[in-house]
Amino acid sequence: MGRHLGLKNFAGLMVVRFLLGVTESVVTPGFVLYTSIWYTRKEQVLRTMLWAAMQGAFSIVCSLLSYGLGHITNTALKPWMYIFLVLGILSIIVGVLWLLFMPETPNKARFLTHEEQVIAVQRVAQNMTGIKGYEWKYYQMWHALIDVKTWLILAFVLFTQLPNGGLTSFGSLVISGFGFDSFRTLLIGLPSSVVSAGSMIVWGTISIKYGNLRTWGMIVPLLPAIAGIAAVYGTMDTGANKYGRVVAYWLINSYAVTWPFILTIVGQNIAGHTKRAFTNTLLLMVFAAGNIAGPFFFRSQDAPKYVLAIAIILVCFCAALLTAVVLRLYMTWENRRRDKKYGGVDGAQHVDGVRLGMHDKTDLENPDFRYVL
């Protein structure tokens, strides 16, 4: 991040951005694996929501920081350089602290006694997903590829990240197209991050009390997002009040809740260390592809209204909603099929399921595994 300060040309920028992408690529799958290793299924939703909400929270801080640093003048460094300098220093500090103090697995936690380590492992054993495997099992990659859930998850990620890529890169231009200057646009965009971060915390809190909300958390937040983008699209040539359009734009960001929910689906419903890691790899590849392709829908000739891009985002959100419904129905059907074939999971069967999970078996291999919805 800090290396941006010394860039002199486009080639250097591309190299630095590529390296930044390489180092950032492990963050989300690492957090998903880490959360599944340390927390029970019930606990994972709130924890995932909390760390995912930090993206929205930091966007607020970063926007205010950029607003302040952007007004610095008469110094050796340009205003944008201060932004990358501060972010680079923060990244180094956090990275060093994580390396020094975060244990790899519960049984390697130096801040726990041996008895506490055993209890920590026994807690997550109930997930039937194991904790960590050190052997790469190629057959589990095949299990991921033939699993219907994998492709539904990837489709959902694509349909939500195409809009995300476009709105992240061009959202400020959409707002400025309502009739605001650059600095006002920066401040008006702040509530979008409040909506995304706040929604995650609210949904995470609700999930503690009510179970089987994962897929509902993928479905319901898309409704205000669809309403918001439809309102923006439908009021383009009507002379509607620009502040009303801004409120509609803020609603769009409720879709951000779906990202941590799909991560919890992977962390809790994909068993087998290799299968889960491989699925996370595919998920992040589609995530990256969607965010790369999304900005291309915002064509310069469509400025400032970007009619085509807004229409595509609306279609993608509707497709994501349908995909989430199908995923919930499929996992419900699979749970009922297993109950009918193997019986309910209790007593000895639950113990067998835990044992198979700790022996790094996939959810397709473990007849006692049931999907959380």
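Cβ coordinates are placed from backbone N, Cα and C, and glycine is handled just like the others.
Unlike curated records, TrEMBL annotations are generated automatically.
Keep in mind the model is a prediction, meaning the values are calculated, not measured.
Note on TrEMBL: of 140-162, 278-300, the range annotated with the feature transmembrane segment is 278-300. By the count of Cβ pairs under 8 Å, the stretch nearest in packing to the transmembrane segment (49-68) among 80-101, 182-203, 215-235, 247-266 is 182-203.
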